[in-house]
Structure formats: C-alpha cells, structure tokens
Amino acid sequence: MMSSAEDQLCLNICNTLSSSSSSASSRWKRQTTQQKWVKKKQTAEKRRFSSSEEDRRHVFKQRRLQHHDVAKEEEVQGQTAAPPPAVVNPQAPPADETNGKPEKKKKEKDGVKETGRSSIKTSSLFKHNPDIPDIHRPLVSQVKEKIFTSDSFSDLHLHPHLVATLNKVLNVSTLTSVQKLTIPALLSGRDAVVRSQTGSGKTLSYAVPLVQSLQSVQPKVSRSDGPLAVVIVPTRELALQTFQTFQKLLKPFTWIVPGVLMGGEKRKSEKARLRKGINILISTPGRLVDHIKHTLSIAFSAVRWLVLDEADRTLDLGFEKDLTIILNSLNSTGPGRQNVLLSATLTHGVTRLADVCLKEPVSIRVSDPPTTTPAVTCEPGSVSQSQSFAVPEALKQFVVVVPSKIRLVCLAAFILDKCQFSQNNKLIVFVSSCEAVEFLHSLFTSVLSANHKPPLEFLRLHGNMKQEERSEVFQQFSSSRSGVLLCTDVAARGLDLPQVTWIVQYTPPSAAAEYVHRVGRTARIGGTGSSLLFLTPAETAFISELANHNISLSEMKLLDILSSLMIDDTYKGRGKYHSKSSSKALEQEIRERSTVLQTEFENVVHLDAQSVQNAKKALQSFLRAYTAYPTQLKHIFHIRSLHLGHTAKSFGLRDAPQGLSTAIGAHNKNRSRIRSPVKEQKKKLTSKTAGGKSFGPGQREVRLFCSEFSSGLEGAGAKKKKKKTLSGREEEMQQLD
Ligand SMILES: Nc1ncnc2c1ncn2[C@@H]1O[C@H](COP(=O)(O)OP(=O)(O)OP(=O)(O)O)[C@@H](O)[C@H]1O
C-alpha cells in the first residue's frame with residue numbers, strides 16, 4: 001500500500017499537470033499515446049536485439065548493473081527509512097523532518113529538495129506553465145518545384161572534358177530544372193537573377209557556364225591575368241564548399257586557378273596567393289573588402305563574372321556597405337561583366353540589388369506558384385516580387401509548442417528519440433547565439449552522452465570558434481553518418497551536408513526566409529528529410545507568418561516527444577509504472593521522467609560557479625538575440641512576453657538570475673517579465689551604390705550597428721566599441737565571415 005506521503009506525491013504530480021498540461025492532456029488521445037510509446041519501445045528493443053552479439057551483451061550487462069544498483073539502492077533505502085521517491089511533493093513535509101538530518105534541512109532552506117536519487121533536486125517543471133493553445137493552421141497551397149528534368153549535361157554543348165568531369169567526378173548527369181534554365185541563359189552572356197529552392201543545384205547552374213566560358217578564352221587564361229571571376233558567398237564554410245566544387249570542375253583545365261579568401265585565415269598567406277594569381281576568386285565579403293583596402297596586388301581589371309550567391313543574405317544585416325565597396329572597386333577598373341544573383345529566397349532586397357548592378361537580367365524562377373501561372377518561368381526584364389517560398393516537396397515540417405520551462409527537456413528527449421532509439425539520424429539543431437550553442441554542447445555532452453551507450457556525439461559550430469576548429473567540425477559532420485550538430489545560423493545557408501535527416505529550430509529564425517534556408521539543409525536534391533520548429537505558446541503566431549509565405553507545418557505534440565523517455569529506464573521516475581497501467585499513469589510517469597532529466601541538467605549546471613556562470617551567459621545571449629527580432633515580428637517575439645524564471649529553467653538555472661536587467665532590460669519584478677531592452681532604433685539606412693542608386697531603407701534596425709561580414713581584422717579598439725551596441729544575434733552575425 002502507498003504511504004500517505006506517496007499519496008500526496010501522486011496527487012502533487014497530477015496537480016503539476018496544471019494549466020498547460022491539463023489542456024494538452026484533454027486533447028491527448030490516450031490510446032494513441034500509449035500505443036505510440038509502446039511501439040517506440042518495441043522498435044528500440046527490436047533494434048537492440050538485432051544488433052551485434054557484443055552490443056547485446058553490453059545492453060544486458062548494463063541492465064544487470066542497473067538492476068544491481070537499484071537493488072543496492074533499495075537495500076540502502078530500506079535501512080535508512082526510505083527517502084522520498086524521485087519526484088517530491090513540495091507541500092509534503094521535508095525529508096529532514098522525518099529523519100532529522102541537518103544536511104537536508106540546509107538544502108531545503110535553499111529552496112532545494114532532495115529526491116530518492118542521491119542528491120537530485122526537484123524541479124517543478126509542469127507547474128504554472130501557460131496554456132498550450134490550439135494551433136490554428138491556415139490553409140496553405142505549397143509552392144512546388146520539380147527538381148530534375150529529363151535533359152542531361154551532354155545536351156548543352158559543353159566542353160567534353162567538362163561533361164566527363166561532371167559525370168565522373170561530381171557524379172551528375174541529369175540536369176536539374178534550375179540548371180536547365182540558368183546554364184543556357186548564362187552561356188548566352190545574359191545577367192541573371194536565379195531563385196530556386198534549397199538543394200536544387202544552384203551552384204553548378206552558375207559554376208558550369210563560368211568554367212565553360214573561361215576554358216574557352218584565347219589566348220589561354222594565365223595566373224598573371226588575376227581574377228576573371230569573383231564569387232561572393234556569406235560564410236566561410238560556404239566559401240570553402242564552393243571552392244571545392246570549382247576545384248573539381250577545373251580538374252581538366254589546370255591552367256585556370258581557383259582561390260578562396262575568408263575571415264579567420266592568415267591574411268599574409270592570402271596576400272601571397274593573390275600575388276601569385278587567382279583566376280576564380282571565392283570570398284566572403286568582409287575579407288574581400290579588407291584585401292581591397294590593404295592588398296596592393298589585388299586587381300579587378302580583368303573581372304568578367306560577378307556571382308553573388310545567397311544574394312539576399314548578402315544584403316541583410318547592414319552588409320550593404322561592404323558590397324558597395326566591392327562594386328565600386330569592380331566598376332572602376334573592370335570591363336563589362338556578367339552578373340549573377342542567386343538565392344532560394346528572392347526578397348525585395350535582392351530586387352533592389354538587381355536594379356543596381358544587373359543589366360536587363362533574366363529572371364529565373366523554378367516554381368509552381370500558388371496561382372495558376374505556368375510551372376516554370378524564365379522571363380527577361382523585371383525581377384519577381386513574390387514572397388512565397390518553395391521548400392523541398394519531400395520535406396516533412398513539424399512544429400511543437402513548448403512552454404519555456406520544458407524546452408530543454410523536450411529538446412533532449414527529441415534528440416534521444418532520434419539518435420539513441422532510432423538509427424542513422426543526423427540532426428542539425430539551430431540556436432540563436434554562440435554562448436547558447438556552447439552551453440547546450442557542454443550540457444548534453446556531460447548528461448546525455450554520459451548516460452547513454454554508445455555515447456551520443458555532439459558537435460558544435462558557431463562564429464566564435466577558431467577557423468581551424470570550424471573547418472574540422474564542418475568536415476567531420478559532413479562525413480559522419482549520424483550525430484548532432486548544434487549551431488548558429490552560421491550553418492543555415494548553402495551548406496551541402498550529406499544525409500542530414502532532421503533540422504531542429506530550437507530557437508525560431510528571424511524571418512520566414514531564414515526558416516526556409518535552415519530547413520533546406522535536409523531533403524536536398526530530391527531526398528527526404530524532416531524539420532521541427534520549437535515555439536512557445538506566446539510565439540504560435542509565427543505559424544501564420546510562415547503560412548503567409550506558403551509554408552505549412554504539422555503539429556507534433558509535446559507529450560509525444562517527451563514519451564521517448566519511456567523507451568528505457570535511464571530517467572525512471574518512482575518505478576511503479578508498467579505498460580498495463582492507465583494512460584493517466586503513463587502521462588504522470590512521462591512527467592516524472594522529464595523532471596528527473598531536468599533535475600540532472602540542473603545538477604550539472606549548479607555543480608560549480610563556473611558552470612552557473614556559463615548558463616547565465618547563455619541565457620543572457622539568448623535574451624539579447626531575442627531583442628534583435630525585426631520590427632515586423634516583434635508582435636510575436638517580444639522580450640516582454642518572455643518569463644525570465646521560466647526561460648532560466650531552459651538553461652538549467654533553478655532561479656531567474658539577478659543582475660541581468662542592466663544588460664537586457666529592467667526586470668519587472670511583479671510579473672517576472674522582461675522589459676523592452678533598448679529603445680527601438682528608428683533610423684533607416686540608405687546607402688548609395690556605385691551607380692548612385694539607393695538600396696532603399698534598411699528593414700532592420702540592426703543594420704545600423706554592424707557589418708555582418710567584418711573580417712575581424714579591425715583594431716581592437718574599434719571592435720570593443722562596436723560590441724557595446726550589438727545584440728547577441730548581431731554579435732553572432734559579425735562572426736559569420
Ligand atoms: N544535376 C544534378 N544531379 C545530381 N545532383 C546534383 C546536380 N546538381 C547538383 N547536384 C548536387 O545537389 C546538391 C545540392 O546542390 P547545391 O548545393 O548547389 O544546391 P543549392 O540550390 O545551391 O542549395 P542552397 O540553396 O541550399 O544553397 C549538391 O550535393 C550537388 O552536388
């Protein structure tokens with residue numbers, strides 16, 4: 001029979017299914033939940049039993065050990081008047097009152113209660129959460145793009161060695177839709193603005209005609225000619241990837257030399273390479289500007305191609321200044337050149353840029369618009385203003401609505417489900433700041449990796465890492481078959497990482513376009529993939545915002561995700577649950593296990609002063625990034641709607657930290673909400689280009705503050721000064737290049 005304390009405990013856990021959970025549970029299809037996790041468990045078991053003999057022995061050994069430990073623990077508990085179970089009723093009399101141990105009394109005073117697991121502190125995870133609203137899913141007609149055509153590269157009258165290289169080295173023979181439209185247009189000498197969905201082969205659509213054109217130049221191109229083509233891309237990793245593509249394409253044309261310039265590399269060695277001669281110059285904007293200013297040997301007199309890949313990003317976040325310098329420099333010396341702008345998200349910014357630097361461009365758009373217009377358009381003249389975005393057809397898009405407090409556990413449960421209990425999943429998790437990436441990386445490595453066999457592999461990528469490490473991680477994740485990459489938006493654009501199965505947006509993107517690029521890291525070139533967007537109950541209007549851009553999401557239920565904690569007993573609750581219990585009991589056990597996991601996170605975070613400090617830093621950077629959402633999304637993502645205490649929990653902090661208010665904004669003590677951080681910046685940016693035309697008013701206040709692609713070579717003083725005014729997201733953006 002249950003003791004009265006246990007009865008109380010049970011009651012309390014049911015009570016903790018308060019507001020949010022109760023409304024969720026009323027919608028919760030009980031049978032389905034139970035069936036779902038039983039099925040999950042069976043699949044996981046099956047997988048385990050079908051694995052190698054060694055693995056099997058290992059699993060059994062683990063289980064034996066666990067049973068042994070549990071038995072031992074029970075034995076000890078039996079001897080020491082049984083401490084309370086894993087989750088404790090906060091209203092129940094403190095443990096020390098029953099056994100009178102002074103040590104426990106002290107911890108109670110600190111607002112921390114002990115559980116059955118040695119020194120596990122409880123966390124009221126399911127209490128006082130906001131209701132999870134019913135999701136309104138507007139009707140959306142998704143924009144579709146056909147990826148492949150029936151034509152092949154050999155139909156394009158390219159140099160036979162180029163076709164052979166495409167077939168044998170790059171393993172491609174059939175043209176994609178965007179390649180079929182773009183390659184002939186560029187071969188005919190036209191400027192072009194190209195929009196097609198992520199992973200549809202845009203790189204080859206400009207790289208093939210560029211190489212075809214340069215290999216035919218007579219007399220033959222030589223290094224001393226300097227740059228004949230300049231390709232601008234927004235991030236270092238993308239620069240590296242693009243450079244590697246050119247290296248492959250140029251195998252038969254050894255006299256044409258590609259080269260890459262990017263922040264983080266040694267400027268001196270780049271200067272030396274420029275002196276020797278680079279014919280196809282791939283660069284991030286900030287570093288190119290740096291060389292324009294400081295490297296005498298850089299000369300653009302022979303440039304006949306300018307490619308701006310991810311052109312809308314190139315214009316985002318106040319980077320127009322760099323682009324103006326580059327265009328000025330090219331215009332002042334070069335002959336007539338061909339210009340190409342590409343992106344999966346053609347926005348008004350790109351249209352303005354097209355007006356400025358393109359001559360009668362062909363507008364190439366591969367899409368089946370939501371209206372009845374033709375499936376594929378290729379028209380000269382004006383560039384499309386459309387704001388509807390295409391996402392890969394085989395991409396399954398999900399959203400989960402999670403109260404702030406439960407976010408961390410929900411992410412962990414999702415990762416465990418995909419990486420521990422299923423096979424061959426490769427996940428990218430997007431987070432809004434470098435510090436938050438660091439925090440999650442170290443927390444998950446110490447809790448999730450340590451608790452599971454084989455250990456889960458977590459990698460991280462963000463702008464505050466040394467370039468060497470960034471490249472290493474990029475290559476490592478590229479070649480791995482499974483694992484989790486925690487990253488900032490530094491990995492959102494253009495990266496072609498093979499076999500990524502899930503994209504998780506743990507913090508929502510700053511715009512629908514960014515959403516498209518993030519999810520575009522999976523389901524590439526006709527492949528399958530899935531994505532999951534985390535939103536808090538206050539942020540669900542973002543679903544309608546995405547619907548405005550023809551993006552439709554299906555809902556994944558929070559409890560479904562958390563139920564993966566039932567698959568094995570690593571985070572077991574009180575241990576009374578079995579598969580034949582009621583579904584109410586199942587929900588209760590899921591919540592208990594979630595609480596056990598959250599408690600483990602909190603224990604690790606509170607292990608020492610340094611790790612508490614790291615969690616606070618991560619929280620602070622998250623809050624700062626939150627203030628950087630653009631004005632038009634502030635009604636969805638406003639710092640005021642965040643609950644500091646709840647948000648702190650998602651960083652493993654037991655309480656809302658003091659002293660954040662000066663950096664983030666005053667902390668409203670009554671409501672525990674965060675006040676608006678800074679007065680919204682009203683000034684608009686209008687920068688002039690070489691042609692004297694304006695790119696138009698900047699849409700984001702952050703444009704005023706930063707040059708996203710700064711090379712990091714400015715004086716330390718200048719850097720320091722800038723930092724004072726930047727938000728977390730902006731700081732991260734500064735590190736992109
Ligand atoms: N014709 C083709 N046949 C098969 N694979 C191709 C073809 N063209 C390109 N690919 C492959 O498709 C993948 C995606 O190509 P790419 O990176 O150029 O896409 P993208 O449209 O630029 O994507 P994003 O918008 O995300 O930058 C690459 O691995 C590339 O090698």
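Just so it is clear, glycine is given a Cβ too, placed from its N, Cα and C backbone atoms.
Your range for motif 'Q motif', going by TrEMBL and the list 151-180, 181-210, 271-300, is 151-180. Between the listed ranges 363-387, 713-737, TrEMBL ties the annotation region 'Disordered' to 713-737.
In the predicted model, the domain 'Helicase C-terminal' (394-562) shows an average pLDDT of 95.
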